[in-house]
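For reference, the structure discussed in these notes is given below.
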Amino acid sequence: MKKKILFIDRDGTLVIEPPIDYQLDSLEKLEFYPRVFRNLGFIRSKLDFEFVMVTNQDGLGTSSFPEDTFWPAHNLMLKTLAGEGITFDDILIDRSFPEDNAPTRKPRTGMLTKYIDNPEYDLAESFVIGDRPTDVELAKNLGCRAIYLQEATDDLKEKGLEEVCALATTDWDQVAEFLFAGERKAEVRRTTKETDIYVSLNLDGNGGCDISTGLGFFDHMLEQIGKHSGMDLTIRVKGDLEVDEHHTIEDTAIALGECIYQALGSKRGIERYGYALPMDDCLCQVCLDFGGRPWLVWDAEFNREKIGEMPTEMFLHFFKSLSDAAKMNLNIKAEGQNEHHKIEGIFKALARALKMALKRDIYHFELPSSKGVL
């Protein structure tokens, strides 16, 4: 079997990068990245990745960064990590300055030639983990993917690197979960005589939404699901709105439910249950269970015929179709005077319940069922 590698940056990834001069040149500056020990130790013990540290240390060995100020902190870092079961198969340090344009300096691959075009290694299934766009660019140059230790990826879009980024997060818990349990992404295309619908989502995203159904208020409601659950959600709908809103709303619910069901995969490690009770002038309660048995309990009344362009009679139908397609039990109750706030509260409560139920625990990676099946 080919070997997989984690090419791991040092400063800003394993340890906090000193904010003033960006040099870890004293023991006093040594501070480890939050939760790196537990998660990198877990990855090292549970998964079959080789660990290769790849770091640029500007001018190491020159008067601007003497060797005797570098090695004490570096060696203590390695000793501390080793004490937690985290060791490296290789440590590669480039000493050049940026203006040198050295072939060995990240994002160039001069230090990594032994891993390139080597039949022993599977670079396509390997990752670069780092906090700078140059780390993502290194992944691109190696032919692997990147785990970007930043929340936003706007700077990657500008450089055309977004496709290389498999995960963007500042949380090592999410890094370990991603590497151990895999991605939870799905795409669904639903085409009928009445509608053509595309849905894609990432359950472990950042709440990014790109939604267009042709019904402005419906778009606004669906955006609440993505935003408040944390999932990345894209929905594109072409429906027969010239006839009626029914098919557009119903088929969107079906496609979204199917997409959630597919992305859930085995359901191992998930919380399974979720509930939320947000307050505005309305009280909205949504409880759900990903137990595999769809059912809807609906206790919400609306007096207006429409909110925006969306018929209120379709609210129940949307959640029934969603429940059936996602194979989840939904119990929804809402009270209040403002019709807009009431349905928006339901969608927000659903999103928060989803966020709770979809959460995974890789340290208790079991099926949440005494029956052994969901």
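Note that Cβ sites are derived from N, Cα and C of the backbone, with glycine treated the same way.
Swiss-Prot lists D9, D11 as binding Mg(2+), and of D131, D154, D155 the one it places in that same site is D131. DSSP assigns D11 (active site, proton donor) to a strand segment in the three-state reduction. Cα of D9 (active site, nucleophile) to Cα of D131 (Mg(2+) binding site): a span of 8 Å. Neighbours of D11 (active site, proton donor), defined as other CB atoms within 10 A of its CB across all chains, total 19.
Mean pLDDT for the region 'Imidazoleglycerol-phosphate dehydratase' (184-374) in this predicted model: 94.
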